[in-house]
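Annotated in Swiss-Prot:
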- ASN43, VAL44, GLY45, LYS46, THR47, CYS48, THR62, THR65, GLY91, ASN148, LYS149, ASP151, ALA179, LYS180: GTP binding site (BINDING)
- THR47, THR65, ASP88: Mg(2+) binding site (BINDING)
- CYS227: S-geranylgeranyl cysteine (LIPID)
- CYS229: S-geranylgeranyl cysteine (LIPID)
- CYS229: cysteine methyl ester (MOD_RES)
- 56-68: motif 'Switch 1' (MOTIF)
- 89-108: motif 'Switch 2' (MOTIF)
Amino acid sequence: MAEEMESSLEASFSSSGAVSGASGFLPPARSRIFKIIVIGDSNVGKTCLTYRFCAGRFPDRTEATIGVDFRERAVEIDGERIKIQLWDTAGQERFRKSMVQHYYRNVHAVVFVYDMTNMASFHSLPSWIEECKQHLLASDIPRILVGNKCDLRSAIQVPTDLAQKFADTHSMPLFETSAKNPNDNDHVEAIFMTLAHKLKSHKPLMLSQPPDNGIILKPEPKPAMTCWC
């Protein structure tokens with residue numbers, strides 16, 4: 001399913017730019033899409049981060065991601081309208097095996113996420129980096145490191161200097177933020193828009209026609225669970 005969906009995204013035109021002319025409707029304007037994958041352990045807040053950027057708010061509730069899900073947002077940069085797709089997968093291996101090869105296809109950037117209140121999620125980062133290497137992502141693909149839940153100051157387990165050292169070792173910028181409280185440290189909006197500006201300057205044209213609501217794949221309804229920022 002993911003393969004068919006992705007093929008259709010890359011092979012079609014955006015429907016938002018059609019205009020009428022003397023001979024009827026002109027071909028719709030082309031728009032570029034950028035696929036950014038968001039990876040990390042379960043419960044680090046990946047879904048909440050993507051929801052914050054695409055919907056502009058913290059979700060009232062969320063469900064455990066099963067398989068792959070993505071959200072999309074159109075933004076304008078230097079007069080050009082582009083689409084940012086944030087792909088989010090389950091952090092649990094049993095939900096990832098059947099989808100992972102599709103998840104890494106045609107990736108433009110990677111966001112590694114850890115929970116600042118959970119040292120184990122930070123220690124898992126090398127395994128996520130290794131997974132990227134195994135799927136042959138080009139070395140020039142932008143990568144950033146995001147520590148989430150910085151608003152929970154009394155529960156912080158991962159100090160900034162430790163995270164910064166790790167980021168420097170892997171040539172990644174570090175951001176510390178909170179999907180729940182956007183006023184804490186690096187704003188989620190600024191993080192993804194900074195990445196979008198960088199991608200716009202370097203990546204080739206890709207054509208797309210995903211639905212405007214942006215949420216394409218969703219798990220079957222399950223009881224609500226806490227997003228934990």
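Backbone N, Cα and C atoms are what each Cβ position is placed from, and that goes for glycine too.
DSSP classifies ASN43 (GTP binding site) as coil under the three-state reduction. Taken residue by residue with DSSP, ASP88 (Mg(2+) binding site) is part of a strand.
All chains included, 29 other C-beta atoms sit within 10 angstroms of the C-beta of GLY45 (GTP binding site).
Considering other CB atoms within 10 Å as the measure, the emptiest surroundings among the binding-site residues ASN43, THR47 are those of ASN43. Separating the Cα atoms of THR47 (GTP binding site) and ASP88 (Mg(2+) binding site) is a whole-number distance of 7 Å.
It is 15 Å from the Cα atom of ALA179 (GTP binding site) to that of ASP88 (Mg(2+) binding site). Rounded to a whole number, the distance between the Cα atoms of LYS149 (GTP binding site) and ASP88 (Mg(2+) binding site) is 18 Å. On the 0 to 100 pLDDT scale, the model's mean across the motif 'Switch 1' (56-68) is 63.
Residue density at LYS149 (GTP binding site): 29 other Cβ atoms are found within 10 A of its Cβ, drawing on all protein chains shown.
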